Structures are given as structure tokens and as C-alpha cells.
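For Glu107, the entry in Swiss-Prot reads active site, proton acceptor. Taken from Swiss-Prot, the feature disulfide bond applies to Cys120-Cys351, supported by sequence analysis. Summarising the annotation, Swiss-Prot assigns [4Fe-4S] cluster binding site to Cys127, Cys131, Cys134 and lists sequence analysis as the type of evidence. The annotation S-adenosyl-L-methionine binding site is assigned in Swiss-Prot to Gly177, Glu178, Ser209, Ser232, Leu233, His234, Asn308 on the grounds of sequence analysis. Per Swiss-Prot, active site, S-methylcysteine intermediate is recorded for Cys351, and the stated evidence type is sequence analysis.
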Amino acid sequence: MITTEKKKKNKFLPDFEKQSIYSLRYDEMQEWLVEHGQQKFRAKQIFEWLYQKRVDSIDDMTNLSKDLRQVLKDNFAMTTLTTVVKQESKDGTIKFLFELQDGYTIETVLMRHDYGNSVCVTTQVGCRIGCTFCASTLGGLKRNLEAGEIVSQVLTVQKALDATDERVSQIVIMGIGEPFENYDEMMDFLRIVNDDNSLNIGARHITVSTSGIIPRIYDFAEEDIQINFAVSLHAAKDEIRSKLMPINRAYHVDKLMEAIKYYQEKTNRRVTFEYGLFGGVNDQLEHARDLAHLIKDLNCHVNLIPVNHVPERNYVKTPKDDIFKFEKELKRLGINATIRREQGSDIDAACGQLRAKERQVETR
């Protein structure tokens, strides 16, 4: 729930007149109902309308009294996302550009796999981490998203899938923004979509990725939720990583590894390292050996990413043969590694690219 105290802690949260009803966890909805003279069991009815029947209006919650519906309308907004652009790839990937109620835009991606449908969600409008290969950072950070705005991304995609009787089975928090810079809202989002009264998406079917905000890695290690954890690494040496990811100047690789080791000691869970391959920068066999040496004592997996070209950035794709050689070298050194399947290569698939293109149109 967005309280005054939470807004003070998170200065980048929006100051809307009404909170999104989707921002409330199940326990918070129960608490709110009791505080307003209602019975606790109404929370189950409300969540069923929101997440199973997926109604668009509080007035559609017909088994609630008119008085309760009015109280809900007086206090909460039904967050709606307006689809500005929808791009569909020949491989079935769909990229949405959504407009928020204050006019800002965000991206959400639906990816189709043999094992189900995965949604990549955004946690911030823009990003201030400044990764030099990423379109998300163009224009900087505008604000954080409420938990309800993150939930609404999944719900909006799920409503689109309802027409073909499909469901969202996996969530990856790898869209625009640094999730650990919007930590409390991200955690509320995770608990909402994981709740069996809500979308009931299993914790092990959800992955959160960070650029390496070390204090929050320690916090995340203490959370009682079995979410998959990924770290955008991209280089094993500080010199290269600092050029790719300026955040590394604050959180050096050795300190990042200490935090990850702590996370594994606390959770006994595997970590995925995301490693984007940039031609002539971090894609040589010596870089593979540096990486293997850095992570050899960790329970981990390396996800090698053939990067999407971003016109505003100067990096180039590593040739396919070199990608395979890099993977082979890691495996030779005992590291579990795979090459991520490229999806959406014929649309604006790079993170933040579609939003950046729309911003260019707006400013012409």
C-alpha cells in the first residue's frame, strides 16, 4: 500500500490522487476492509474479480454491495494502460508500448516459448543506471512505477491472451529500469502476482535481474520468497565492466561477488549471470577465461546474450562463430553456459528501443 511514509522513502513514486487497487497485497486488502468496517472475506471476492474474472470496473463486482463498491471507487483507481504501439515479430514475440495515466510510456514484452508464455515487465519510467549499451537509459529516470502499474502490465497481456485461452506462466523483471532501485514496489508486485488469490504465478517461474545494487542484494537474500535471481555482469574485470556499466564504479566486481556469495549462503539458490557479448569489447576467449575464474566457486549459470543493435549506441554484435567459441570455452572450464535464443529481432526488441523511438517522434 502506498503510504505517506513509503512516498517519503521513495521520492520517485508518483503522487496520484488515488492509489491503484492493484497495488494492494491480499493481506493489505483484508486490513483495509476491516479498517473500513467490512468483513475480511470480501478481500477474496475482490481479488477474484480483479485477477480471475479480470473486470475493468469496480461496478462490475456485482456480488459486492453498492455501498462497498462506492467506498472502493472513492479510495482506489483501476489502473489502466493504454496501448500506444503493438509490434509482433514473426517468432510470436509481441512488444507493447503502454501509456500510463500521467502520459509517460513504458514497454512490456510477451515472449512465447515451448514451455509457456513469459512476460518481461518494466519497473521504472526510464533508468539512471547509465549502461552504455542500453536504450532504456536514454533520457534518464523519470519516476518509479507503483506496484499496481507493474501488475497491470501482466494483467493487460493476460487479457490479450484470454482470447486464445492462453495464460502468462512466467515473469521476468528485466524491462526498463533497475528493479532494485524500486525495491519495495517490486517486492509488493512479486507477492501480489505470486499469491494464490491473485495470478498464482509460482515463485520459481519468476526471475528478477539487477545490474548489481549491492545493498539490495543483501536485502533480497533475507526475503522469504524463492524468486529466481539474475545479475547483469557483462564483464569479469572492473576496467571493462565500468565502461559498459557505470554502476560498477560504485559497486566493484569483487564486492558484487561477495554479495552474491552471501545470497547463496542464505538461500542455497543458483544465480544466473547475464553476459551480453559486444564485438571487440568483451567477447574474446581471454574474457571467457576471466569470467570462468571469477565465478568458478559459485552455483551459477551463464546466459550468453547476442546483443540487439541500438542505433543510438555504438556497440556491434559478436559474430555467431565467436559466440559459439565463447560458450565452448566456458564449458571447457567447467562453467554451465547457454546462448539465449534471439527473439523479436525483426522488431524494436532491444530494451527501451521502442520507447526511445516514440520519444524521438514526440520531440521532432
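Here, residue 1 is simply the first one shown, and the rest follow in order.
In case you wondered, yes, glycine gets a Cβ from its N, Cα and C as well.
Feature annotations (Swiss-Prot) mapped to structure.
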residue	record	DSSP (3 states)
Cys120	disulfide bond	strand
Cys127	[4Fe-4S] cluster binding site	coil
Cys134	[4Fe-4S] cluster binding site	coil
Gly177	S-adenosyl-L-methionine binding site	coil
Ser209	S-adenosyl-L-methionine binding site	strand
Ser232	S-adenosyl-L-methionine binding site	strand
Asn308	S-adenosyl-L-methionine binding site	coil
| note | The answer, for which of the binding-site residues Ser209, Ser232, Asn308 has its Cβ ringed by the most other Cβ atoms inside 10 Å, is Ser232
| Around the Cβ of Cys134 ([4Fe-4S] cluster binding site), the count of other Cβ atoms that are within 10 Å | 26
| request: State, in Å as a whole number, the widest CA to CA span among the S-adenosyl-L-methionine-binding residues Gly177, Glu178, Ser209, Ser232, Leu233, His234, Asn308 given in the record. | output: 19
| task | Measuring CA to CA, name the entry from the recorded positions Cys120, Cys127, Cys131 that ends up nearest Gly177 (S-adenosyl-L-methionine binding site). | result | Cys127
| Glu107, Glu178, His234, Asn308 screened against Cys120 (disulfide bond), Cα within 10 Å - retained recorded positions | Glu107
| task | Determine the Cβ neighbour count for Cys120 (disulfide bond): the number of other Cβ atoms within 10 Å of its Cβ. | result | 24
| said: Using CB atoms and a 10 A radius, I'd like the single residue among the binding-site residues Cys127, Cys131, Leu233 with the highest neighbour count. | reply: Leu233
| message | Between the Cα atoms of Cys131 ([4Fe-4S] cluster binding site) and Ser232 (S-adenosyl-L-methionine binding site), what distance do you get, rounded to the nearest Å? | response | 10
